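Asks: Per TrEMBL, compositional bias 'Basic and acidic residues' is recorded for A:1-11. Annotated region 'Disordered' per TrEMBL: A:1-22, in sequence order. The compositional bias 'Polar residues' feature in TrEMBL is assigned to A:12-21. What TrEMBL lists as transmembrane segment is A:72-89, A:104-124, A:131-150, A:156-178, A:185-203, A:255-271, A:305-324, A:336-365, A:377-394.
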Amino acid sequence: MKTNESTRERTNGSPTVTNGRPSFAALTPRARDLAGRLPAALRAPGLPLAFPFAVLGLVADLFRDWWGRQTGYVRWAIYGLLIVGALLLPSEQVGGFMSPYSDWAQLLFFPIGGYILLAIGLNVVVGQAGLLDLGYVAFFAIGGYTMAVFGTKFGWSFWEILVLGVLLSALSGVILGAPTLRLRGDYLAIVTLGFGEIIRIAARNTDYIGGPNGISGIPHPPTLSEWTVPESEPFTTLGLAGIAPLKYGALDGRPYYYLMLAAIVVTIIFVKRLESSRVGRAWASIREDEDAAELMGVPTFKFKLAAFAIGAAIGGAAGVIYGSQATSIIPRNYEFIISATILAAVVLGGSGNLPGVMLGAFLVAWIPERIRGLQEYRILVFGGVLVLLMIFRPEGLLPSRRRKAELAEGTGGMGSLGAEVGGPTTHAAAEVGK
Amino acid sequence: MLLEINDIHVHYGKIAALKGISLEVDEGEIVTLIGANGAGKTTTLKTISGLRPLSAGRITFDGKDISRLAGHKRVLAGIGQSPEGRGIFPGMSVADNLHMGAYARKGDLSKELAEVYELFPRLAERKGQAGGTMSGGEQQMLAIGRALMAKPKVLLLDEPSMGLAPMLVQQIFSIIEKINERGTTVLLVEQNAQQALQIAHRAYVIETGRIVKSAAAVDLLDDPEVRAAYLGGDLGEPESIAADEPAATADGPAKD
């Protein structure tokens, strides 16, 4: 089946393309192909499970082709619509369906918004440069503690601290990266994992920043404007009337959501521009073959460090914003599970593809809250969903075309995420070792 | 001398991979470095292109000592390499791969692109295809073409014949000759000694990290020891079995 797929890939560029367009007639064979990945005993019952994934893949392909044909104006119109849609999200009608068990506005801010911002940041490191970072939570923590310390002890305002937090976390990214980025694959993963733990444990053992009790009384951002959404149509129907979107109080989560949204939009623009620049090309080449990249004249070390610093800066920004809403933070907020969850979001969404990564982060944040009604079974169900996703779409929900080609090659795949499998260095080392 | 390597030692951890290699490549030459698996051929090339640090010795290129120069700067100095296993960027299209080849350079690339497409018409047909989905031969062409995009003074080729059908090997080697005729110096590392010696001007034989022989390529083609060790030899004669032994031990364990 594997070879079958790759030959089709070779002739058409995409598995279900006929005459350059995906077709729905190919849906059933595609689902059967997917179900074929299951063990024999599960294949028949697996078919209906595989169907939604086949549909998703097809729709994604169709959309990608359509998107490729659109002009700049249409694209900008769609970006605009997406932002308007995001602005309307805190509506109570949406919340009633999306989150029957918890406060929707709060949920939108964190984990959903927070995870999305973190995933965009981690995607720079993992998805673009191909470096496996298992300690990403450290930068989130540094951002959070910057907010807490400078807000409570020095009385800085949120906006000043946001800048400082971004700089400090970028700096810590460089400090972590400079000695460790000579390592590859799993070695780098272990070192970053250690870094994440060091930051948390150091915070727990430092009395100045509250030790295990953390810091409370963190100030909220200053109110920018008292303006409220008028109590009239269409806002009353949309359930948005009466919000003061720029007034950051203790009760209403919605202004914080808008703050997070603004940060996400700015970050997306920044990251997208990087991706299509020389820097983005350098990252792609490092991810696909680091030695070859160096041979092309790419200063690989410098660019890996840059990826670390930029990823860290975004994580730090998320940390500052989270801290400004949370009022109090403790070291336990920054456990390894956050790093793992964000990495899961990146991988399951489609590492390297921004819309995919954001979808992944949304799902990882939202599913456990949406199924709160299942009580103690919810994590089990969540885990099951993740396993199914990885069986049927190992390349992620919305992978980029390019990622598919890398996976087909077998070695590129996740950059050095696959550790040292068949890399040029291991080969040479093994040769000499014998 | 364009490229001069002087008594270099390279270590992987505590294991010495190169134990004092010296070789020279003059402008306009094709020089080949032949040897068995694990002899240190690839390590030598990687050291020249800066992917491996050297623990002792000196590399001089174009009159400058480049022993401590970072790998990506050696590209600008004029060293281009098609790495072992080709090192194609699998997710990038053929055209993007070629553009990556000129990453370090600025300015107009159309002339070099046209030249590469002329050398390898196959690549021109497949500009938009992802590198990872191409056949081994096409990938090898792409790897060589990509290295040429940087307009190197010396082109380092690491086993361009690896895993290719005999017809393709012929084709690749004749293209290497053509590249050389157009003025690019070539240092060719090969296990396929027969082919390499036929197009090379001079050759070095490397065994377990040491150069054991250096001579004009035509002389090595007739050299009984080299014939026995690397060219299949004259099978069945008693002395050639003895001569075969070191090659066999060097070759044996790396076959996995």
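For all residues, glycine too, the Cβ spot is worked out from N, Cα and C.
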Asks: Tell me, please, if the transmembrane segment (A:255-271) and the transmembrane segment (A:72-89) are in contact, taking contact as 3+ Cβ pairs under 8 Å between residues separated by 6 or more positions?
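Replies: Contact between the transmembrane segment (A:255-271) and the transmembrane segment (A:72-89): present.
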Asks: Which one of these stretches, A:72-89, A:131-150, A:156-178, A:185-203, has the most C-beta pairs shorter than 8 Å to the transmembrane segment (A:104-124)?
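Replies: Going through each listed stretch, the top one turns out to be A:131-150.
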Asks: Residue list, the transmembrane segment (A:156-178) vs rest of chain: Cβ under 8 Å, 6 or more residues beyond ends.
Replies: 135, 138-139, 142-143, 146-147, 150, 191-192, 195, 219-222, 304-305, 308-313, 315-317, 319-321, 324
